[in-house]
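According to TrEMBL, the feature transmembrane segment maps to 20-39, 91-112, 124-144, 171-189, 195-216, 354-376, 382-407. The domain 'CAAX prenyl protease 1 N-terminal' annotation in TrEMBL covers 41-225. As annotated by TrEMBL, domain 'Peptidase M48' applies to 228-467. The region 'Disordered' annotation in TrEMBL covers 291-320. Positions annotated as Zn(2+) binding site by TrEMBL: HIS332, HIS336, GLU412. The active site feature in TrEMBL is assigned to GLU333. Feature annotation from TrEMBL assigns active site, proton donor to ASP416.
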Amino acid sequence: MIPTTMLQTIMDLPVESKIFYAVLLFSWAVYLWEAYLAFRQRRIYRTTTHVPHELGKIMDSETFEKSRLYQLDKSNFGFWSGLYSEAEGTMILVLGGIPFLWSISGSVIARFGLGPEYEISQSLAFLTLATLFSAFTGLPWSLYNTFVIEERHGFNQQTLGFFLKDALKKFLVTQCILLPVTSLLLHIIKIGGDYFFIYAWLFTLVVSLVLVTIYADYIAPLFDKFTPLPEGELKEEIESMAKSISFPLTKVYVVEGSKRSSHSNAYFYGFFKNKRIVLFDTLLEDYSPLNKGSEGEGDQEKENSVPEESNAKPKNKKQGCSNPEVLAVLGHELGHWKLGHTVKNIVISQMNSFLCFSLFAVLIGQRELFLAFGFHDSQPTLIGLMIIFQFIFSPYNELLSFCLTVLSRRFEFQADAFAKAMGRASELYSALIKLNKDNLGFPVADWLFSMWHYSHPPLLERLRALGGAAKQD
């Protein structure tokens with residue numbers, strides 16, 4: 001129990017102090033909860049050293065051990081990076097890092113003859129400095145993750161030069177999108193009157209739809225090479241499958257993901273009658289460069305352009321899925337579309353966004369919120385957005401995240417069932433096993449960790465739901 005004197009001391013604190021300490025305590029509570037869950041899962045990685053009997057037919061001991069060590073490394077890394085992140089966030093709050101950076105932003109715009117009345121300009125300077133700080137403090141962790149952990153386990157395909165160039169490009173593209181969007185949002189909030197929250201919500205809705213529409217055509221190609229899937233049996237089968245469920249497919253692309261990582265993926269995008277499918281080259285057994293030798297002209301060119309210790313490592317086994325398995329994976333993805341999962345996720349996201357903007361409209365006038373985070377003389381709109389959306393809404397955000405995780409697992413089972421109904425259960429069964437092996441997924445999970453974190457059901461649960469559709473060799 002809390003001693004009476006301590007309880008009285010807490011009750012006597014000003015409202016702004018109660019808000020500050022409540023935010024800080026909740027942040028650490030979430031961190032400790034996450035650390036506890038990760039500890040439970042790490043215990044599974046450490047103690048499960050042999051392939052369980054029920055996995056004997058689908059996973060060999062060598063792959064099992066590789067996946068165990070990979071996930072253990074990732075979990076250990078996550079512990080230290082998470083601890084650093086939480087400590088950094090606490091120090092920023094306790095030492096007044098947010099008002100300090102806001103003051104620095106004011107000094108920056110003052111050099112251009114702009115005063116405090118130019119709040120939007122100061123907000124953009126603040127955002128730029130904040131993202132710069134985040135990029136620099138996160139860089140060592142990202143480097144370690146890529147060039148130590150991913151490298152050690154055979155996934156990294158990047159050189160240091162490529163990595164740094166990619167990081168710079170991401171930062172610049174992010175600024176090109178973030179700054180004008182934020183500027184317009186702040187302007188809408190300021191001129192919107194009593195119903196500004198409706199206009200702000202509609203603006204963010206339009207921005208999100210535009211970004212989803214243009215991402216794969218104009219943004220993603222800045223980082224990866226997209227090429228049309230060559231004419232042939234696979235493309236014909238994909239088009240036939242799309243037509244059979246009235247999916248308005250217009251193009252099928254292959255993205256050169258292998259230059260960055262050997263992890264694989266597939267997705268579709270677009271609205272209305274303009275849908276495209278994107279396949280990672282690492283997903284396609286007959287297409288992945290990671291399956292090819294180094295005699296080809298393209299490989300010789302790569303050898304000439306990077307040192308011999310380049311990360312493009314030969315593999316002893318084939319990467320990716322066969323054509324029938326790729327079709328089964330796409331059957332699953334198209335199931336998400338046919339069953340309305342994409343639309344449902346958009347609706348949920350926008351309902352949440354509207355609710356948050358509505359509550360923001362109620363809370364933005366509370367001076368105590370700004371005082372709690374060190375803003376005694378001003379109440380900048382951008383800082384209000386940060387305080388309310390990031391800190392005040394954090395309990396709600398945690399609950400919503402868990403509910404969406406549960407919903408996502410339900411959608412995954414439904415999409416698997418859709419592919420099964422298309423007569424592709426056997427191929428999906430074998431594809432899931434291959435993808436799990438290629439990505440070194442560990443098939444054994446702590447039930448509590450899995451329940452809280454896994455947006456996709458564990459491998460065994462998905463295979464059982466498919467009804468043991470295929471007997472693997």
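Positions of Cβ are set from backbone N, Cα and C atoms, glycine also.
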Please report the Cα separation of HIS336 (Zn(2+) binding site) and ASP416 (active site, proton donor) in Å, rounded to an integer. 9
Per-residue pLDDT averaged over the domain 'CAAX prenyl protease 1 N-terminal' (41-225), given as an integer: 93
Starting from the Cβ centroid of HIS332, HIS336, GLU412, which together make up the recorded Zn(2+) site, report each further residue of the same chain whose Cβ lies within 8 Å of that point, ordered by sequence. GLU333, GLY335, HIS341, PHE411, GLN414, ALA415, ASP416, PHE418, ALA419
Residues outside the transmembrane segment (171-189) whose C-beta sits under 8 Å from one of its C-beta atoms, at least 6 past its ends, are 119-120, 123-124, 127-128, 131, 135, 196, 199-200, 203-204, 207, 211, 219, 222, 381-382
Sparsest Cβ surroundings (other CB atoms within 10 Å) among the binding-site residues HIS332, HIS336: HIS336
Note down the number of other Cβ atoms within 10 Å of the Cβ of ASP416 (active site, proton donor), including every protein chain shown. 26
Most Cβ neighbours inside 10 Å, all chains, among the recorded positions GLU333, GLU412: GLU412
For the C-alpha pair, I'd like the distance in angstrom between GLU333 (active site) and ASP416 (active site, proton donor), rounded off. 9
Cα of the residue listed as 'active site, proton donor' to Cα of HIS332 (Zn(2+) binding site), in Å and rounded, measures 5
